[in-house]
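Peer 1: Pulled these from Swiss-Prot:
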{"type": "BINDING", "residues": "Asp14, Ser64, Asp444, His445", "note": "Mn(2+) 2 binding site"}
{"type": "ACT_SITE", "residues": "Ser64", "note": "active site, phosphoserine intermediate"}
{"type": "BINDING", "residues": "His125, Arg155, Asp156, Arg187, Arg193, Arg263, Ala264, Asp265, Arg266, Lys336", "note": "substrate binding site"}
{"type": "BINDING", "residues": "Asp403, His407, His463", "note": "Mn(2+) 1 binding site"}
Amino acid sequence: MTTTKRPIALLILDGWGYRENTHMNAIFHAKTPVLDRLNAQYPHGLISGSGLDVGLPDGQMGNSEVGHINLGSGRIVYQELTRISKAISDHEFETNPALCDAVDSAINAGGAVHIMGLLSPGGVHSHEEHIEAMCRMAVARGATKVYLHAFLDGRDTPPRSAKASLSHFDDLFTTLGHGRVASIIGRYFAMDRDNRWDRVSQAYELITQGKAKFQYDNAVTALEAAYARDENDEFVSSSAITDVDGKVATLQDGDALIFMNFRADRARQITRSFIHPDFDGFERAVVPKMHFVTLTEYAGDITAPIAYPSENLVNTLGEVLQNRGRTQLRISETEKYAHVTFFFNGGKEEPFEGEDRILINSPKVATYDLQPEMSSTELTDKLVAAIESTKYDVIICNYPNGDMVGHTGNFDAAVKACEAVDTCIGRVVEALAKVGGECIITADHGNAEQMTDETTGQAHTAHTSELVPFIFVGRDATIDKGGKLSDVAPTILQLIGETIPAEMTGKPLIHIKE
């Protein structure tokens with residue numbers, strides 16, 4: 001017998017922060033009659049999704065991975081950025097077994113140590129301080145051939161800001177007496193997560209064969225040439241950097257390759273291209289037999305040594321719902337599917353018992369400002385059908401538009417993205433009302449509320465540290481002030497009448513009026 005459910009839905013509006021300054025604020029300038037009405041009629045407030053409140057350094061902007069881990073776990077989770085930075089400052093990093101083994105294996109084989117990753121101070125997918133520590137450690141252990149393959153940012157940092165980083169590493173290698181920048185390429189290619197293998201293949205061929213669209217004798221020169229081609233950091237074409245003899249550095253048998261990104265979602269595809277024996281994303285001309293190490297755990301099927309394995313999170317929202325015999329649905333587009341599943345479940349790949357998942361393909365466009373609505377209509381069609389089925393106790397949905405279009409820096413497109421999401425929310429709220437359901441509307445971090453850098457005048461493509469909305473569309477209630485993302489899971493459990501496990505240190509924010 002099927003039991004009719006009155007679901008509670010958590011709608012996560014990715015990249016949707018609150019900013020009082022209305023200048024180039026796409027969320028403010030968007031026509032959002034649905035959210036305006038909900039804010040007027042229902043209890044609402046603002047909660048924190050950045051810095052110490054989500055386990056990041058004070059003042060550090062939030063991001064989707066961190067946001068969803070905190071949302072799903074119901075506690076502040078000490079993030080990889082903070083954890084690894086602490087290991088470096090405590091001098092534990094330089095004796096990390098996985099990293100030391102990789103460096104030593106290359107030295108003993110007469111090979112090179114290749115270090116790849118997002119060379120950025122952004123702190124979202126990586127941090128250049130970690131990459132510097134790795135370069136220093138490799139040379140200190142005796143490596144004389146150290147090659148940095150730099151993926152350029154311009155997304156979590158200003159669009160043209162890589163010069164300072166590249167110059168710093170040129171100086172660093174000069175100081176160390178060994179090593180150099182061996183290649184540069186934009187993250188658009190190297191860090192794709194939407195199965196655009198034609199992009200990833202360019203980074204793979206650059207590192208394994210030195211196959212590049214351009215070749216230069218200096219990384220900064222290569223970057224300046226890219227700017228002259230009107231390529232921002234994120235989109236810099238594959239560029240090989242030669243040594244004084246005009247030779248490129250390629251990954252060879254016996255070498256070590258250390259991937260310094262700590263965030264998993266954009267590290268998975270290129271990692272699989274290097275290590276999976278049955279990889280079929282593109283034709284690999286060469287597959288070097290090398291020692292590959294990942295900085296953190298990227299996925300269950302990636303079996304390379306891990307320098308900093310994931311810390312086990314127990315009694316996340318998904319696990320509690322499973323243990324209490326509850327049903328749940330996770331739904332999003334490709335771009336944020338991993339976030340409502342893997343990250344929301346505290347880094348667990350497999351679904352919990354009673355957990356269904358729906359993946360909606362994100363549109364195949366070069367950048368999402370070309371289709372700011374993305375696949376929101378199709379996503380909402382499936383979501384409304386799931387609500388009407390009365391099959392689920394809890395539904396977790398992510399609308400990626402504010403973040404993905406916000407990252408393009410295109411203000412007009414970001415406005416359209418917000419308007420598309422608002423229309424979809426109207427359909428979802430209506431469907432929930434028909435079945436007696438309720439919903440919480442919030443976000444994981446800010447982005448679209450700031451589309452220009454007030455200091456430089458450049459497009460602002462990064463996340464922000466702004467507070468995010470928290471709206472309860474349901475029974476008459478009050479909402480506590482000063483909340484944070486880790487308070488959301490306990491709030492949901494309380495709303496459905498379940499006790500909150502001790503591991504969840506967050507506090508329920510919603511108090512139903514009797």
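Residue positions begin at 1 at the first shown residue.
Glycine too: its Cβ is placed from the backbone N, Cα and C atoms.
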Peer 1: List the same-chain residues at least 6 positions away in sequence whose Cβ sits under 8 Å from the Cβ of His125 (substrate binding site), in sequence order, or say none.
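Peer 2: Within the chain, His125 (substrate binding site) has Cβ neighbours under 8 Å at Leu118, Asp156, Arg187, Met191, Asn261, Phe262, Arg263, Arg266, Ala267.
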Peer 1: Residues other than Asp14, Ser64, Asp444, His445 within 8 Å, Cβ to Cβ centroid, of the Mn(2+) 2 site?
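Peer 2: Other same-chain residues with Cβ inside the cutoff are Ile12, Gly15, Gly49, Gly62, Asn63, Gly67, His68, Lys336, His339, Asn398, Asp403, Ala443, Asn447, His463.
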Peer 1: Of Ala264, Asp403, His407, which binding-site residues are close to His445 (Mn(2+) 2 binding site), meaning a Cα within 10 Å of its Cα?
Peer 2: Asp403
Peer 1: Max Cα-Cα distance in Å among His125, Arg155, Asp156, Arg187, Arg193, Arg263, Ala264, Asp265, Arg266, Lys336, the residues listed as binding substrate?
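Peer 2: Of all Cα pairs among the recorded substrate binders, the widest measures 17 Å.
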Peer 1: Name the residue among the binding-site residues Asp14, Asp156 whose Cβ has the smallest number of other Cβ atoms within 10 Å.
Peer 2: Asp156
Peer 1: Work through the binding-site residues one by one (Arg193, Ala264, Asp403, His407) and name whichever has its CA nearest to the CA of Asp444 (Mn(2+) 2 binding site).
Peer 2: Asp403
Peer 1: Within 8 Å of the centroid of the Cβ atoms of Asp403, His407, His463, which other residues of that chain place their own Cβ, given that this set defines the recorded Mn(2+) 1 site?
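Peer 2: Once Asp403, His407, His463 are set aside, the remaining close residues are Asp14, Gly15, Asn63, Ser64, Arg155, Asp156, Gly402, Met404, Gly406, His445, Asn447, Ala448, Thr461, Ala462.
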Peer 1: By the count of other Cβ atoms within 10 Å, pick out the sparsest of the binding-site residues Asp403, Asp444.
Peer 2: Asp403
Peer 1: For Arg193 (substrate binding site), list the number of other Cβ atoms lying within 10 Å of its Cβ atom.
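Peer 2: Its Cβ shell of radius 10 Å holds 19 other Cβ atoms.
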Peer 1: Taking 10 A as the limit, how many CB atoms besides its own sit near the CB of His407 (Mn(2+) 1 binding site)?
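Peer 2: If we count other Cβ atoms within 10 Å of His407 (Mn(2+) 1 binding site), we arrive at 24.
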Peer 1: Taking the Cα of Asp403 (Mn(2+) 1 binding site) as the centre, which of the binding-site residues listed as Asp14, Ser64, Arg193, Ala264 lie within 10 Å of it?
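Peer 2: Checking Cα-Cα distances against Asp403 (Mn(2+) 1 binding site), the binding-site residues within 10 Å turn out to be Asp14, Ser64.
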